[in-house]
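Data first, discussion second: the structure below is written as structure tokens.
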Amino acid sequence: MSGGGGDGGGLNSSSPLDPFDSTWNLGEDPSNSSVEPVARTLIPDLQPATTVVAVQEVSPWDIALCVTGTLISCENALVIAVLFYTPTLRAPMFILIGSLAVADLFAGLGLILNFVFTYMVDNSVEFVMLLSVGLLISAFSASVLNILAITVDRYLSLYNALTYHTERTVTFTYVMVACIWVSCLALGLLPALGWNCLRDESACSVCRPVTKNNAVALAVTFLLVFALMMQLYLQICKIAFRHAQQIAVQHQFVAISTTKGVSTLSAILCAFGVCWLPFAMYSIVADSSYPVIYTYATVLPATCCSVINPIIYAFRNPDIQKSLWMACCGCIPSNLSLRPRTSSDV
């Protein structure tokens, strides 16, 4: 034992050699040169892999994002199932709600896949990273633009109340949804088409591998969308108050209803702003050199917007509530409103 490990020259000079000595056969006999690479490469390949798995720690932030993604997926899958299996829910309003639910569902699945790719798949592979980032960009962009589309739909339902329920409105809604998804899929493909910082780490944004310039462009676009939503909701409030003044017979009822609607609109805008504004502003001022904890602290509230969306836009709708009650219990509670809900309802 000690001779084999201590004096290699003594092994080569001695004449009586043990033919069953595996160390000599693999290391010294030229006839076994084809086996030598196997013996030398097998151990180094196994040992680092075992070490990586042993020392890899799961970030609590990534666990929180994965749990959030699971909740998002479950909520929006339920909304999609209700809309799909209820033939009466085919109005433009429900088309937009369904498109929003699909976007949020993909966002939730993207968060789950990002966790899987980070801790269960080799995330250093470029294809895996670009696939995960592209899915998240497309899904969350579609979610924001679908919220804008719902706001536009509510405004048009009040501004053109007499001509809103026409075939033209349905066609316009489908065209709007198609444009949203085409543009968002194009945004998601940009990193895979070369718009990434994998070759230049100094150009990375807070969300690698998205470049700083692309992140700033997305953040500025979001701020413009948010400003447009505020303007549209302001116009909706003006129209609602004008209608309230024109109906003198139901003055008290309409005043209460209008006040409640304005409060609901304020809550919607506040929830949307609180969720997305921190991440948008941080993406503009920060880059990859900033501590990663700041990125997590702004990304997590942004993802929570997709948790809130089904509650605001779907589960508050009486028609969807009736479908849920019929699917779960086979009955409709008597306290549910029997009045059909329109797009202008908030």
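Glycine too: its Cβ is placed from the backbone N, Cα and C atoms.
TrEMBL entries are annotated by machine, without manual review.
The annotation compositional bias 'Gly residues' is assigned in TrEMBL to 1-11. According to TrEMBL, the region 'Disordered' annotation covers 1-35. Taken from TrEMBL, the feature compositional bias 'Polar residues' covers 22-35. What TrEMBL records for 61-86, 93-121, 127-150, 171-195, 215-241, 262-281, 293-315 is transmembrane segment. Here TrEMBL flags 75-313 as domain 'G-protein coupled receptors family 1 profile'.
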> Have the transmembrane segment (127-150) and the transmembrane segment (215-241) got at least three CB pairs under 8 Å, pairs 6 or more apart in sequence?
Replying inline: yes
> Most CB pairs under 8 Å with the transmembrane segment (171-195): which of 61-86, 93-121, 215-241, 293-315?
Replying inline: 93-121
>> Please identify the stretch among 61-86, 215-241, 293-315 with the greatest number of Cβ pairs below 8 Å relative to the transmembrane segment (93-121).
In response: 61-86
> Looking only at residues six or more beyond either end of the transmembrane segment (293-315), which have a C-beta under 8 A from one in the stretch?
Replying inline: 59, 61, 64-65, 68-69, 71-72, 75-76, 78-79, 82, 97, 100-101, 104, 107-108, 111, 140, 143, 147, 150, 206-207, 268, 271-272, 274-276, 278-279, 282, 286, 321, 324
> By a Cβ-Cβ criterion of under 8 Å, what residues six or more beyond either terminus of the transmembrane segment (61-86) are in contact with it?
Replying inline: 94, 97-98, 101-102, 104-105, 107-112, 114-115, 118-119, 293, 296, 299-300, 303-304, 306-307, 309-311, 314-315, 319-320, 323-324, 327
> Taking every residue in the domain 'G-protein coupled receptors family 1 profile' (75-313), what is their average pLDDT?
Replying inline: 87
